[in-house]
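Trainee: Taken from TrEMBL, the feature domain 'G-protein coupled receptors family 3 profile' applies to 524-776. Residues annotated as transmembrane segment in TrEMBL: 524-550, 562-582, 594-618, 638-658, 683-707, 719-739, 745-766.
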């Protein structure tokens with residue numbers, strides 16, 4: 001605990017003197033503690049039960065809360081009476097100093113300074129409010145005792161309080177002193193072991209020019225972290241400076257909880273701050289209060305006189321001390337003194353009272369051991385102090401091996417009653433570590449819920465924890481969805497799915513990808529299938545019609561038996577389209593392109609031969625009669641078709657020997673689907689296959705174009721030109737789509753191109769002939785006399801007068 005007060009001295013002399021440093025600001029708490037010292041000493045001196053025949057004396061020194069001002073009175077206590085000398089010796093067991101025991105000082109920093117010196121001379125020191133855990137080190141401070149619980153016990157109480165309300169995320173602010181820094185380190189270690197996150201911890205800046213700016217930054221950080229519970233382990237002045245900034249800068253509407261350390265949990269000075277109630281709920285630990293009979297009446301007997309204040313240390317006479325005449329010139333100080341008398345602080349005052357009695361009991365025990373008439377040395381009182389055990393006003397007093405008193409804390413709640421802050425007890429933390437809390441007193445009575453303070457939200461399935469502010473805290477988390485393609489492996493890890501699986505955002509497991517291919521149920525595919533079936537049926541119907549009318553001039557003009565081969569190849573091309581639909585496999589991938597390519601090559605080759613023959617009859621037969629003779633004798637048209645088809649088969653074989661088509665699972669197009677596609681293997685081979693068919697089509701177009709001005713009797717060339725134009729447009733569109741698109745409908749585009757080509761040939765080349773056969777067969781048919789070749793007549797076509 002850090003408080004302003006005076007180190008108190010118990011002297012061996014019976015003369016009662018008091019020394020005040022009046023240059024310091026008057027402290028009402030210090031005045032209360034001084035009166036508690038006087039009250040205890042007067043009780044002991046006026047009683048023959050504890051120290052019969054001995055009158056205790058005391059001196060009082062004010063340190064003005066400056067630890068360097070402890071050195072002077074401490075050296076004074078160690079000097080030998082009368083000559084005020086401190087001789088250097090190797091053994092001080094025979095030393096009889098000016099003071100046999102020291103009560104105080106009030107702050108831990110001051111106690112650390114004085115205890116270092118007093119322990120060397122084995123002079124017992126009992127502090128009433130220095131609570132730093134550093135003073136538990138018996139190696140360095142063997143003569144130090146205290147009647148206030150240690151900060152190590154206070155930190156345990158704070159941890160238990162935080163856990164009782166299930167707050168797993170807090171902030172800690174501490175004063176810039178051994179009291180604050182040491183306790184901050186202990187709290188950090190304890191909370192870490194209990195898995196409580198400290199989102200933000202900092203040291204409250206001391207008095208400086210930029211203190212206000214630094215305090216404002218602290219408040220901004222508290223708002224930024226969104227933590228609802230903050231522990232302030234600080235002295236009164238540091239806590240007041242911080243809370244004043246909180247009142248000014250805090251974001252409105254926050255239901256915060258402020259937990260006060262014992263040093264300021266019952267501070268009337270802080271409780272009187274304007275709008276202190278607006279910052280939220282304030283609770284804290286306080287020294288347990290007990291009945292202190294007679295002290296209130298004793299204070300009321302004090303008198304205050306208004307006289308000029310002395311400028312140096314003043315020795316008051318016994319009479320003036322007994323009447324407690326305190327000289328003051330400042331009206332403000334007089335008001336503070338009146339307040340201290342009217343509303344005394346009894347918690348620490350009782351500690352002072354207990355400290356005096358503990359030294360008195362140690363003196364009593366030491367005198368019994370060495371004899372009433374023997375000279376009493378400080379180390380003898382020290383040894384007796386270790387084992388004292390007594391009761392005062394029903395309070396058991398004894399010290400443990402670390403010099404700490406067995407005591408607990410009251411839990412206080414700051415509650416606004418009639419516009420003023422009252423400190424209302426709502427629980428206790430006992431000396432054996434048991435915590436009792438009345439939550440009804442805090443929030444339920446006001447119809448409020450216990451504020452939550454979590455470093456992380458309750459994440460939903462498929463969410464993981466991500467660090468919020470890694471620069472300041474490693475345990476503040478937010479919930480983050482596992483992204484698409486991953487799943488929640490544990491609380492902090494999103495693990496990616498394997499390539500064969502997928503997952504939507506915020507998934508607990510991966511799912512199988514939906515297989516995508518040209519399904520028979522696809523509406524677009526169904527349309528294509530219907531068109532293909534109609535085309536196949538129409539092709540078969542034409543094939544049957546031509547087979548029945550094979551000997552008619554129209555069928556012979558269309559190519560005769562070669563036209564049947566053309567129709568059969570068109571039917572095979574239509575049938576090959578079935579390998580493009582349905583769930584693909586390696587067999588489908590390897591068979592569909594050669595089946596289409598070879599069958600369609602037969603058709604285009606037949607048209608090429610037909611185009612060639614038309615030109616040959618009128619332009620080449622007369623000029624090259626022998627060539628034409630051999631062409632007809634050795635079945636030149638069929639040999640050309642066979643050769644062309646074998647060339648296409650050779651291209652396919654070379655293509656397959658380089659790299660044959662195969663089934664691939666394409667995972668790149670969609671994150672949740674797998675596209676089952678036939679990869680064409682060697683793109684060069686695939687291109688050569690289609691290019692060869694295109695070359696044949698170009699030759700067909702050239703020969704047909706050359707024959708466009710032949711007599712109207714031989715107008716097949718015009719139909720071939722129209723069919724080839726449809727073919728070129730269809731496959732040019734296919735190549736553009738194939739090069740720029742991906743997915744299951746790329747195969748549908750090829751189906752569409754094949755159907756367009758098939759229908760183009762069927763309607764431009766065969767349908768006009770079917771029209772003649774079916775609808776104009778009532779006209780007479782006769783043979784015309786064509787040109788003679790080598791003295792023979794070549795019968796080729798019907799007379800055009802029948803078609804006018």
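Using N, Cα and C of the backbone, Cβ positions are placed for all residues, glycine too.
Heads up, TrEMBL stuff is auto-annotated, nobody curated it.
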Trainee: Applying the under-8 angstroms CB criterion, which one of 562-582, 638-658, 683-707, 719-739, 745-766 scores highest with the transmembrane segment (524-550)?
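Mentor: Result: 562-582.
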Trainee: Note the mean pLDDT of the domain 'G-protein coupled receptors family 3 profile' (524-776), expressed as a whole number.
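Mentor: Summing pLDDT over the domain 'G-protein coupled receptors family 3 profile' (524-776) and dividing by its length gives 83.
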Trainee: How about long-range neighbours of the transmembrane segment (638-658): same chain, 6 or more residues beyond its ends, C-beta under 8 Å?
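Mentor: Counting only partners 6 or more residues beyond its ends, the transmembrane segment (638-658) has Cβ contacts under 8 Å with 562, 565, 590, 593-594, 597-598, 601-602, 605-606, 608-609, 612, 681-682, 684-686, 688-689, 692-693, 696.
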Trainee: Restricting to CB pairs under 8 Å, which listed stretch, 562-582, 594-618, 683-707, is in contact most with the transmembrane segment (745-766)?
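Mentor: So the stretch in question is 562-582.
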